[in-house]
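Below: one structure, written as C-alpha cells.
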Amino acid sequence: MMKNCEYQQIDPRALSVSPSSAQNHLEKKEQRPRRKWEVFPGKNRFFCDGRIMLARQSGVLPLTLGLIVVTCGLFFAFDCPFLVEHLTIFIPVIGGMLFVFVVISLLRTSFTDPGILPRATPDEAADIEKQIDTSGSSTYRPPPRTKEILINQQVVKLKYCFTCKMFRPPRTSHCSLCDNCVERFDHHCPWVGNCVGKRNYRFFYSFIISLSFLTSFIFGCVITHITLRSQVVKSLVQAIQESPASVVELVICFFSIWSILGLSGFHTYLVASNLTTNEDIKGSWSSKRGAEESGNPYSYNSIITNCCVTLCGPMPPSLIDRRGFLPPDEAIPAASASEIELPLFAAKNDTHMCTQSTKDVLERMVNSSDFHGLCPPCTPKTTPLGPEVFSTPAPSSEPSPSTGCSQQHDRQPVAAPCPVFSRSSKRDSLHSINPAFRLASPSPSLSRASLILGDAPDIGFIPLS
Amino acid sequence: MQGLVPTATDGNMATEFHNLQELRHSASLANKVFIQRDYSEGTTCKFQTKFPSELESRIERTLFEDTVKTLNNYYAEAEKIGGQSYLEGCLACATAYLIFLCMETRYEKVLKKIAKYIQEQNEKIYAPRGLLITDPIERGMRVIEISIYEDRGSSGSSSGSSSVSGSTAR
C-alpha cells in the first residue's frame, strides 16, 4: 500500500519504469520473487534454492566421494571385525571419526563459494574505462590493461579482467572453468568439483590432511589385519583368500597415499609461506630472490603466523549473495540500473546468462521502453535518459560478452581438468596458456582484436592442476 | 524525517531512495563516483581516502574522509587476526566447520554494524546533500559507490535550502 502512495508522489519523468508497468512488475514479483542465484552469470550450479553451489562441471567429485565411501565401507565391514576382536575397539572409532571429518570437509570444500567476485556493474565498468582512457594514449587502447600498485613497498601488477570488467584485486584470478574471478585463487580442483580460493581453502586443506590420515590409517590397519590373519592361518595366500576386500583397499590406499601425502606436503609448504598454488606455479615471487618469504609481499615472514592467518583467519562472507532477492525494478531510480541483476534480468530473455554488458543494458532499456507503450507520457523522457547515462560505455565496449558466453561453451573441451596430484601441473598450465590464449578473445570486443596478443600472458592464471 | 522502512538486505538502496523521495520529489541520478580499494597494505579491505573531484561542490572534504576512515576501521576490525579470530577458527575446525551453520562469524557481525553506519551516514549527512552511499558489500567489496543526485527544474532552489539546513543541523 505504501508503495502505491509513493508511486503517486514520484515524478514519472524521474523513473524509467512507469507506475502501471511497475505494478506489473509488482504482480510478477508477488507471483515469483527471483533470487540472485538464478541470474548468476558464472558457470555454477545451485541447489537447495541457492544454499549450495558447485562448478558446472562437477568433475570427478562423485568419484572422489565414491572411492572414499567404498574404501571405508569395505574397511568397516571386512577388516574391523577381525581387528576389534584381536586388537581394540578404538580402531573403528578412530576410523569412523576420520571418515566423518573427511566427508564433511570434502562437502564443505565443494559446496562453499570459494570467494567469487561479482562482476562489475555497468557504471563501474564505464568508470574504469574512462580512467584507462584518460591515463593512456587516446589514439588506441594500450594492449595489456594492467595497473601497477605498491603492496608493502613491492610493485604488483593488477590485471584487467575482460569478462568481469574490473581490475582484479591482488591474488585474484579468473577461473575459466567456472567463468568467475575468485579471490586468492589457488586452483580449480576437479576432485572436489569446485575452485579452491579464499573462502574454502581451509576446508580443502582440512580435507587433504584428514584424507592423508585416513588413507594411512586404513593402509596400516589393513596391513596389520592381513599380517595377523596370516599368523593365525599360517599362510599369507590363505589370509588373502579369506579377506579379498582387504586387497582392494590396499590397492586403493597404496595408489592414493603417494598423491595425497604429496599434495598435503605441498600445501603445507604453501600455507607456511602464504602462497597460492597459482603464484607458486607462475613463480610470481621466487624470481625476486632465493627465499620466497622476502619476495612475497603477503607473507608475514613467520611460519606460524602464516599458518594461523591462512587457516584460522576470519572467515570472509560470500560476496555474491546468492539467496538475496532481485530488487524490483520500481525501487531503482531513473535509468541507473546499477544493480547487477537488472540487465541480466532482461538478458535472461536471451536464454543466455551473460555478463552484464552494454548490450544487455541497452536491451533492458529497450524492454523498459516496451513497457512504456502502456504509458505514453513516460516514453519520451526515459528513452533519451537511457543512452544519456550509458553513453560512456556504449562506444567503448561492444556486445562481446554475449559472444563471449557462447564461446565459453567452446572452451570446455579445451580446458579439460588435469590431474591434481602432480607438479606436472606446471606443464599443464603452460599448455593451458595456449588453448586458454583463445579464451582471451571472447572477452574483449571484436574491435580489440589487436589486444589479444597482449592478453596472452594474462591467461596464465589458470593452472589446471 | 520519516522513519525509514527497513527492507530486505539488498534494499539499502531502496531504503535510501525512499528517504530521498521525501526530500526531493524529482531527484534523478546524475553521476556516480567510485572510491577504489587501497591495496598498499596488502589484500585487507581498505578504501582510498582521496577526495574525488566530482564531490568537491557537494560535500566537505573532512566529512567524506571521516566516513571512509571509519569504514576502513570497521573493515580492519572485521579482518583483524588475533586471539578471537584464532579461537573462532580453531573451534570451527574442531567441530568440522559445522559451527558456521549456527553461529554468526565476527566478520558478519561487523558487516551488520557497517550497514547500520552507512545508513546513518546517508540519513544524516549524504542524503541532505543529494548523495547516496552504497554499501561496498553490494559491489563485491571493490568500491564505495557514491551516487550523485541532481534536482530537476523548480526544486533546484529547495536543494540549496535543504543542503543549508542539512549543514546547520549537523
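Cβ from N, Cα, C; glycine included.
Those TrEMBL annotations? Automatic predictions, nothing curated.
The region 'Disordered' feature in TrEMBL is assigned to A:1-30 (among others).
Annotation comment: TrEMBL describes A:60-77 (among others) as transmembrane segment. Remote same-chain partners of the transmembrane segment (A:60-77), defined as residues 6 or more beyond its termini with a Cβ less than 8 Å from a stretch Cβ, comprise 54, 92, 95-96, 99, 102-103, 106, 110, 190-193, 211, 214, 218, 221-222, 245-246, 248-249, 252-253, 256, 417.
Beyond the ends of the transmembrane segment (A:89-107), by six or more residues, the same chain brings 64-65, 68-69, 72, 75-76, 80, 83, 192, 203-204, 206-207, 210-211, 213-214, 217-218, 221 to within a C-beta distance below 8 angstroms of the stretch. Residues annotated as transmembrane segment in TrEMBL: A:89-107 (among others).
If you look up TrEMBL, you'll see A:157-282 marked as domain 'Palmitoyltransferase DHHC'.
Counting same-chain residues at least six beyond the ends of the transmembrane segment (A:203-228), those with a Cβ under 8 angstroms from any Cβ of the stretch are 68, 71-72, 75, 79, 82-83, 86-87, 91, 94-95, 98-99, 101-102, 105-106, 108-109, 112, 186, 189, 192, 196, 236, 239-240, 243, 246, 249-250, 253-254, 256-257, 260-261, 263-264, 267, 271, 310-311. If you look up TrEMBL, you'll see A:203-228 (among others) marked as transmembrane segment.
Taken from TrEMBL, the feature transmembrane segment applies to A:248-272 (among others).
The compositional bias 'Low complexity' feature in TrEMBL is assigned to A:386-403.
Under the heading region 'Disordered', TrEMBL lists A:386-428 (among others).
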**Asked** Per-residue pLDDT averaged over the domain 'Palmitoyltransferase DHHC' (A:157-282) comes to what?
**Response** 89
**Request:** List the helix, strand and coil residue totals of the domain 'Palmitoyltransferase DHHC' (A:157-282) as derived from DSSP.
**Result:** 75 helix, 19 strand, 32 coil
